[in-house]
Amino acid sequence: MGIKGLTKLLADNAPSCMKEQKFESYFGRKIAVDASMSIYQFLIVVGRTGTEMLTNEAGEVTSHLQGMFNRTIRLLEAGIKPVYVFDGKPPELKRQELAKRYSKRADATADLTGAIEAGNKEDIEKYSKRTVKVTKQHNDDCKRLLRLMGVPVVEATSEAEAQCAALCKSGKVYGVASEDMDSLTFGAPKFLRHLMDPSSRKIPVMEFEVAKILEELQLTMDQFIDLCILSGCDYCDSIRGIGGQTALKLIRQHGSIETILENLNKERYQIPEEWPYNEARKLFKEPDVITDEEQLDIKWTSPDEEGIVQFLVNENGFNIDRVTKAIEKIKTAKNKSSQGRLESFFKPVANSSVPAKRKEIPESTTKGAANKKTKGAGGRKKK
């Protein structure tokens with residue numbers, strides 16, 4: 001879920017914190033990518049029609065591999081250096097949110113069965129996407145593929161968004177690419193939405209800068225975290241009737257959740273009986289992340305050509321000619337990106353960003369939309 005309504009809240013109250021950037025403007029940049037979010041997108045979009053999905057000869061789904069392979073090559077060809085960060089064990093506080101998601105998938109599965117029996121193609125398409133879940137096997141497959149491609153992988157101890165933010169705060173990467181707005185709540189200095197969208201969608205990258213958020217909202221980082229908790233996050237329920245705009249007003253007026261609770265009209269607003277906002281706050285401020293330099297050995301290496309062919313072609317039925325051409329693209333891209341950003345050697349490049357247009361910013365583009373098929377390296381349909 002991320003932070004409920006945060007995109008609109010920022011568009012209305014802190015518009016200068018958001019800038020549309022060209023995909024190509026990140027040439028030479030190291031970017032931490034929320035891997036699970038990307039894999040979820042691939043499973044929903046790549047080669048999928050209704051309940052049909054790309055599979056190998058054994059009937060195992062390969063949409064995530066095709067999506068990860070093609071999208072990563074696109075990043076590399078643009079001179080971008082991705083670092084994929086995978087989720088570890090979720091915090092205990094997230095159990096309730098995960099239970100809600102499980103329940104929604106179960107409901108969607110029942111609805112999908114009804115849609116199939118009725119032959120309603122539109123509902124089949126809709127409900128089949130709601131049943132998608134990223135599994136350990138999907139993650140393991142993508143980790144193996146990325147390592148074969150010479151792209152660094154970080155396995156977070158807990159939340160991937162928190163680890164991405166930590167990499168950004170420590171200067172190891174330029175920004176964080178995800179669709180979950182709680183990357184900002186974890187304090188990522190620069191947060192990028194739509195970087196992992198397919199080029200066919202032609203949507204500019206939306207770059208958020210946390211320093212400008214705080215400046216425009218006139219909040220401290222602690223107050224911004226409280227604002228996000230009040231708006232609605234993955235770690236605890238929100239107070240019914242308090243949305244983002246009301247939460248901002250209350251934080252500006254009272255400064256913290258504790259003071260808000262002391263002054264809140266209890267007849268108008270019902271506070272949850274067990275509301276672990278303080279624990280949620282601690283998770284945002286002091287997340288469980290890897291800081292050991294040895295565990296964060298982030299290096300981009302040459303692709304293992306034989307390994308890629310073995311994994312994609314021999315084990316997963318991808319087309320050998322397409323995979324071979326893709327490997328050449330990786331090698332060419334690696335040489336290109338080794339040049340580094342031009343401004344490191346010459347004068348700074350002019351900023352190509354343009355002001356954000358609020359009407360073009362959907363609150364959630366990930367878990368729904370893109371219905372276009374993506375042509376890729378291989379696979380076959382599975383019903």
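Backbone N, Cα and C define each Cβ position, glycine as well.
Values in this document were obtained by computation on a predicted structure and should not be read as measured data.
According to Swiss-Prot, the feature Mg(2+) 1 binding site maps to ASP34, ASP87, GLU159, GLU161. Classification of ASP87 (Mg(2+) 1 binding site) by DSSP places it in coil, neither helical nor stranded.
The Cβ neighbour count for ASP234 (DNA binding site), using a 10 Å radius over every protein chain in view, is 24. The DNA binding site annotation in Swiss-Prot covers ARG71, GLU159, GLY232, ASP234 and rests on sequence analysis.
Marked as Mg(2+) 2 binding site by Swiss-Prot on the basis of sequence analysis: ASP180, ASP182, ASP234. Within the same chain, residues at least six positions away from ASP182 (Mg(2+) 2 binding site) with a Cβ under 8 Å of its Cβ are GLY2, ILE3, GLU161, CYS228, CYS233, ASP234, PHE284.
Per Swiss-Prot, compositional bias 'Basic residues' is recorded for 370-383.
Positions annotated as region 'N-domain' by Swiss-Prot: 1-105.
According to Swiss-Prot, the feature region 'I-domain' maps to 123-254. For the region 'I-domain' (123-254), DSSP puts the residue distribution at 69 helix, 15 strand, 48 coil.
The region 'Disordered' annotation in Swiss-Prot covers 337-383.
Annotation source Swiss-Prot lists region 'Interaction with PCNA' at 338-346, citing sequence analysis.
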Which of the listed binding-site residues (ASP87, GLU159, ASP180) has the least company, meaning the fewest other Cβ atoms within 10 Å of its Cβ?
ASP87
When distances run from the Cα of ASP34 (Mg(2+) 1 binding site) to each of the binding-site residues ARG71, ASP180, GLY232, the nearest one
ASP180
Quick one: pull the CA-CA distance for ASP180 (Mg(2+) 2 binding site) versus GLU159 (Mg(2+) 1 binding site), whole Å only.
12
Expressed in angstrom and rounded to a whole number, the DNA site built from ARG71, GLU159, GLY232, ASP234 spans a maximum Cα-Cα distance of 31
Other than ASP34, ASP87, GLU159, GLU161 themselves, what residues in this chain have Cβ atoms within 8 Å of the centroid of the Mg(2+) 1 site's Cβ atoms?
SER36, MET37, VAL85, ALA156, ALA160, ALA162, GLN163, CYS164, SER178, ASP180
